[in-house]
Amino acid sequence: MATMTELSPTAGKTKHSQDTRVDESLVPKKVLSFCSTRYGIAFIAHFCNFILMAQYAAINISMVAMVNGTNHQSQFNGSTESLPLDALGGSNDEPNSLPAEAPVYDWSPQVQGIIFGSVNYGMMLTTAPSGYLAGRIGTKRVVGVSLVVSSLLIIFTPLAADLGLAFLIVTRTVQGLAQGSIFGGQHALWERWGPPRERSRLCTLALSGMMLGTFAIILLGGIISQTLGWPFVFYIFGGIGCVYCLLWFVLVYDDPVSHPWISVTEKEYIVSSLAQQVSSRKQPLPFKAMLRSLPLYAICLCSFSHQWLVTILIVYMPTYISSVFNVNIRDNGFLSAFPFIISWVTGILGGQLADFLLTKNFRLVTVRKIATFLGNFPSSVLLVALSYLTPDYITTMTLLIVSCGLTPFCQSGIYINALDIAPRHSSFLMGTSREFGYTAAILTPTVSGFLLSQDPEFGWRNVFLLLFAINLSGLIFYLVFGDAVVQDWAKDRKLTRL
């Protein structure tokens, strides 16, 4: 949700009216339609994020096959003992089930952590600048070109692994530069396509594609690795990305005014609803004021702590399940993927819930904090509890499903909060907050790999306890200092001091 709330007809007279920043009388009434052009743009962005996340997480499930046959997997067992697959109704034929031609590498857990995190080195450098660039030259070009580059590099990944560890890390770092541009650049769409009262739904619909992509790559990646070999995971999803780029350039337009097929009614509705929001294209960025803004720091720090949680789930769930249940890569894919389809559903429903609460006269800042709390605290608590329980198939999978399923609520909280506090500069600020998140995505695999390598008995418990401490710290800071009112430095230019 962005810069206004849709309240009851009498809400303008309530004490919460300060959250409403668009004159309702200037906006024509419009019945919501999932067949409208703006929702079509959201669905296109949804599948763009699907492909992007599939490419981002491809190595997470492939790594189980890439290091299969080494003795490093046992180092991940932590404080739990492996359970035989026949307890789940299958057979543990993991070493013999991989195609003979698929290369296998001798990478320690710490090296694997560096490989996992290397893509985030590049993402951290481009997310904020790409948001600013997309605000100036358009999302269509920034995201489209970046998706082409990311898709080509994911196809090149198996060759880079064969050339050596250094080539693989460099390739993934450059890939991160492209993927960071996609993450950061797409936010500029909603400055021009998202009516304020619909931004929660549009943004969460687009962002939920990430969870669907994670589900698909973990599920299909295991099957592909076992039947064709792990290199085909990269070839297939890289090829899909190349094809989708063509659709992106044909179907996406930077604003409703330039869209050739949008109806006149919908165009007028969107343009009029955004009439009081000045574009940031010609507005200088008030860097000094931003550096003094506690609400902005709250968004960034909580993004960091939440991304630490998400990275643990995405990167280490296949490894954790493999270590606890000793399953083959195909069954690992099924077990690891299921929690993310739940996340996909809750991500979409979270936006609907946020807008529903706003119609019930909840303050915008309250909705943002509720969503952020639900996406952080319960998930981290459940993971800590998991490390203290005796490994049991039903209990373990239930806790992982619930923990993973709750995390997307933050899409209606911190991840679009910049649209509330600074709509003019939101694409840059949303990219900046994502950069803080990618800092966590770099540190998480490296730190976690070190903890798992140093303490074979209590490795997972240490990983989850550290996660809880970081997650709780960022959440508390956001609950105290988070805001949803347009900041003084983001208002009229005469109020902004550079």
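Each Cβ is built from the backbone N, Cα and C atoms, and glycine gets one as well.
Under the heading region 'Disordered', TrEMBL lists 1-22.
What TrEMBL lists as transmembrane segment is 39-59 (among others).
Looking only at the domain 'Major facilitator superfamily (MFS) profile' (41-486), the predicted model's pLDDT averages out at 85. For 41-486, the entry in TrEMBL reads domain 'Major facilitator superfamily (MFS) profile'.
The transmembrane segment feature in TrEMBL is assigned to 114-135 (among others).
Same-chain residues lying 6 or more positions outside the transmembrane segment (142-161) and placing a CB less than 8 Å from one of its CB atoms are 48, 51-52, 55, 58-59, 66, 103, 105, 130, 133-134, 167-168, 170-172, 174-175, 177-179, 181-182, 185-186, 188, 230-231, 234-235, 237-242, 244-245, 248-249, 252. Annotated transmembrane segment per TrEMBL: 142-161 (among others), in sequence order.
Among residues of the same chain six or more beyond the transmembrane segment (202-224), those with a C-beta under 8 A of the stretch's C-beta atoms are 1, 38-39, 42-43, 45-58, 60-62, 64, 186, 189-190, 193-194, 230, 232-233, 236-237, 314, 317-318, 329-334, 336-338, 340-341, 343-344, 347-348, 350-351, 354, 408, 411-412, 415-416, 419. The transmembrane segment feature in TrEMBL is assigned to 202-224 (among others).
What TrEMBL records for 230-253 (among others) is transmembrane segment. Long-range contacts of the transmembrane segment (230-253) within the same chain: residues 40-41, 44, 47-48, 51-52, 54-55, 58, 61-62, 65-66, 98, 102, 139-140, 143-144, 147-148, 150-155, 157-158, 217, 220-221, 224, 259-260, each at least 6 residues beyond the stretch ends and with a Cβ under 8 Å from a Cβ of the stretch.
As annotated by TrEMBL, transmembrane segment applies to 294-317 (among others).
TrEMBL lists 337-358 (among others) with the feature transmembrane segment.
Residues annotated as transmembrane segment in TrEMBL: 370-388 (among others).
The transmembrane segment annotation in TrEMBL covers 394-416 (among others). Long-range neighbours of the transmembrane segment (394-416) within the same chain, counting only residues 6 or more positions beyond its ends whose Cβ lies under 8 Å from a Cβ of the stretch, are 1-2, 199-200, 203-204, 207-208, 211, 299, 302-303, 306, 309-310, 313, 317, 321, 324-325, 335, 338-340, 342-347, 350-351, 353-354, 367-376, 378-380, 382-383, 385-386, 430, 433-434, 478, 482.
Sequence annotations record features per position, and here TrEMBL assigns transmembrane segment to 436-452 (among others). Long-range contacts of the transmembrane segment (436-452) within its own chain (CB-CB distance under 8 A, at least 6 residues past either end) are made by residues 75-76, 78, 109-117, 120-121, 123-124, 127, 180, 300-301, 303-308, 311-312, 315-316, 459-460, 462-463, 466, 470.
Sequence annotations record features per position, and here TrEMBL assigns transmembrane segment to 464-486 (among others).
Per-stretch counts of Cβ pairs under 8 Å to the transmembrane segment (294-317) identify 464-486 as the leading one among 39-59, 337-358, 464-486.
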